[in-house]
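First the structure, in the form of C-alpha cells, and then the observations on it.
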Amino acid sequence: ESGNSCYIYHGVSGICKASCAEDEKAMAGMGVCEGHLCCYKTPW
C-alpha cells in the first residue's frame, strides 16, 4: 500500500503512511497526507 508522495525540502521527499519504518524519519501534520505521517529518508 503506497500513499501520496510528500515533499519535505529540496531533494527530499517521502510517502504518506500510517506508520513509518524504523529507519525512516516521520513528519506529521502535512495536509497531503490526510492525517497520516510523511515517512522519508535523508540522503546523508
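Positions of Cβ are set from backbone N, Cα and C atoms, glycine also.
A quick note: this is a predicted structure, and the numbers were derived from the prediction, not measured.
Marked as disulfide bond by Swiss-Prot on the basis of experimental evidence: CYS6-CYS38 (among others). There are 21 other CB atoms within 10 A of the CB of CYS6 (disulfide bond), with all protein chains counted.
The feature disulfide bond is assigned by Swiss-Prot to CYS16-CYS33 (among others), with experimental evidence given as support. Taking all protein chains in view, 19 other C-beta atoms sit within 10 angstroms of the C-beta of CYS16 (disulfide bond).
Under the three-state DSSP scheme, CYS39 (disulfide bond) falls in the strand class. Within 10 Å of the C-beta of CYS39 (disulfide bond) we count 21 further C-beta atoms, all protein chains included. Residues or ranges marked as disulfide bond in Swiss-Prot (evidence: experimental evidence): CYS20-CYS39 (among others).
Annotation comment: Swiss-Prot describes 7-10 as region 'Inhibitory motif'. Residue counts for the region 'Inhibitory motif' (7-10) under DSSP, split into helix (H, G, I), strand (E, B) and coil, are 0 helix, 3 strand, 1 coil.
When the CA atoms are compared, the disulfide-bonded residues lying within 10 A of CYS20 (disulfide bond) are CYS38, out of the candidates CYS6, CYS33, CYS38.
Just so you know, of the disulfide-bonded residues CYS33, CYS38, the Cβ with the fewest other Cβ atoms around it within 10 Å is the one at CYS33. Of all the disulfide-bonded residues listed here (CYS6, CYS16, CYS33), CYS16 has the Cα closest to the Cα of CYS39 (disulfide bond).
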